[in-house]
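Participant: My questions will all concern the structure given below.
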Amino acid sequence: MAHKQVLFHSAAREKILRGASLLADAVRVTLGPKSKSVLIQKGWGAPIVCNDGVTIAKEFDLKDAEENLGAQVLRQLAEKTGDVVGDGTSTSTILAHAILSDGVRNVVAGASAIDLKRGLDRGTQAAIAALRAMATPVKSRAEKVQVATISAHNDASIGELVADAIEKVGGDGVISVEESKTTETLLDVVEGMKFDRGFLSPYFITDADRMESVLQDPYVLLCDHKIGALRDLVPLLEQVAKSGQPLLIIAEDIEGEALATLIVNQLRGVLKACAVKAPGFGDRRKAMLEDIAILTGAQVISEEIGLNLENATLQQLGRAARVVADKENTTLIGSGGDRTRIDARLGQIRVEIEKTTSDYDREKLEERLAKLSGGVAVIRVGAPTEAEMKAKKEALDDAISSTKAAVAEGIVPGGGLALLRAVAAVAKEEAACEGDERTGVQILRRALEAPARQIAENSAADGGVVVARMLEGEGSIGFDASRKVYVDLVAAGIVDPVKVVRTALENAVSVASVLLLTEATMTEIPEPKRERLPEPDLAVQ
């Protein structure tokens, strides 16, 4: 067992803060319309030029073990914020660092970390209430274009594309981003479905960067029972392998020999496959399997109707143009089913919605109707170079997530102004507190200025002057960093989704509070490498 190095109190906090500061300093340059880039060396291949906060955070790994602890906690913060809303990673990192650095200074001076945390929590609740109060619903296409454009680093073409996609499939619709075979970026809406079940094993991953299993033009096997015995699956696997096409298996569960065989064949390149659990439970699972069957043109292999897996043929399998599965969701793109049968199924579900008396059943039926009828918007990204295509795909992912978040909870003025307008609510909370709890609220109040200050500094303006002037102003009058003028930010299209700002703030306070409460660090002491001496009879003469 490796020995541990233990640091306590100020020594531990200083190291944690140092690591967090290094990551925050690398990420902060990516905030705002005048953002800069970070050049990242890869272990293989060419270096990458990146201005995406979460991508920079994922590459962060420091030599000093204690400093690395602080950096890795902030990295988790960026990843969590990105996973939830797809944007706001740089903002959450900057907020967390501002809270942590101010908090550490107060703890070293003798403040109670527990009381500081209580103050931070009180201030956060007041700030979030203020953000929700100033939110404006997103209804028009123009507003969606504004949100998507800002999130895509002011790329208007991406803003237009994302707004078109959301207009076609709705705020809850599925939007897939693929690589184009040409240099053009195009939008297409195809039949498809997304459900909340992911791959059963990470060995099915084909795209390591995005942690996804992607199957092109696969067969789709649907089964309403567990698959465990290898002998049941082998005949069908042999038929699919001969066809040269990938295979998606959707069943109640896939386990034991059957799952192991799929993984081994995947690793050896014999048969490209992915296995996922069927969505839903009980009778609802059977209904959803039938929905997928009609969409893909498959037949559900069910012993209830006399079908067994051992005798299944390729004719009983469905088809899809593309399947994308991650650890949580699976998306079927392109339908192999008959349009007439799909329309009939939609009509049947609508009749069931009209007849049901249960609100819960109605809600679930409406979900099925939306999944089956909504389709999938496919954005095919084209670019002259691989690096440009990757950057464009990342920008599209951010823009899609931000725009969906805006549709869900509304928008607020961007450029860090929304957090500055929440300062007044936090100040009221501050007046109701005392002692170290009040200090915690003050720390949050000061931290709320950090994003606006950083956006100004990234555009070569004086951050302190800009923040002071924005605080003096009213409404949505703020600093347009791209033109270095004070304008009505909402009218100028500089807006942020409430959900992104709220999530960034909540996650930042949560992570900073955890680090402030840390009294010790434990890291492994690397064992010295021992040089192996050659045997006497093998010594070089």
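Cβ coordinates come from backbone N, Cα and C, glycine included.
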Participant: Given that Swiss-Prot annotates Thr30, Leu31, Gly32, Pro33, Gly415 as binding ATP, state which candidate in Asp115, Asp121, Asp496 belongs to that site as well.
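Facilitator: Swiss-Prot names Asp496 for this ATP site.
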Participant: So how many other Cβ atoms are close to Leu31 (ATP binding site), meaning within 10 Å of its Cβ?
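Facilitator: By my count, 25.
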Participant: Near the ATP site, what residues other than Thr30, Leu31, Gly32, Pro33, Gly415, Asp496 in the same chain have a C-beta no further than 8 Å from the centroid of the listed C-beta atoms?
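Facilitator: Not counting the recorded site residues, we get Ser35, Ser90, Ile150, Gly414, Gly416, Pro451, Gln454, Ile455, Asn458, Ala481.
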Participant: Rounded to a whole number, what is the top Cα to Cα distance in Å among the residues the record ties to ATP, namely Thr30, Leu31, Gly32, Pro33, Gly415, Asp496?
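Facilitator: The widest Cα-Cα gap among those binding residues is 16 Å.
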Participant: Which residue among the binding-site residues Gly32, Pro33, Gly415 has the fewest other Cβ atoms within 10 Å of its Cβ, if you could check?
Facilitator: Pro33
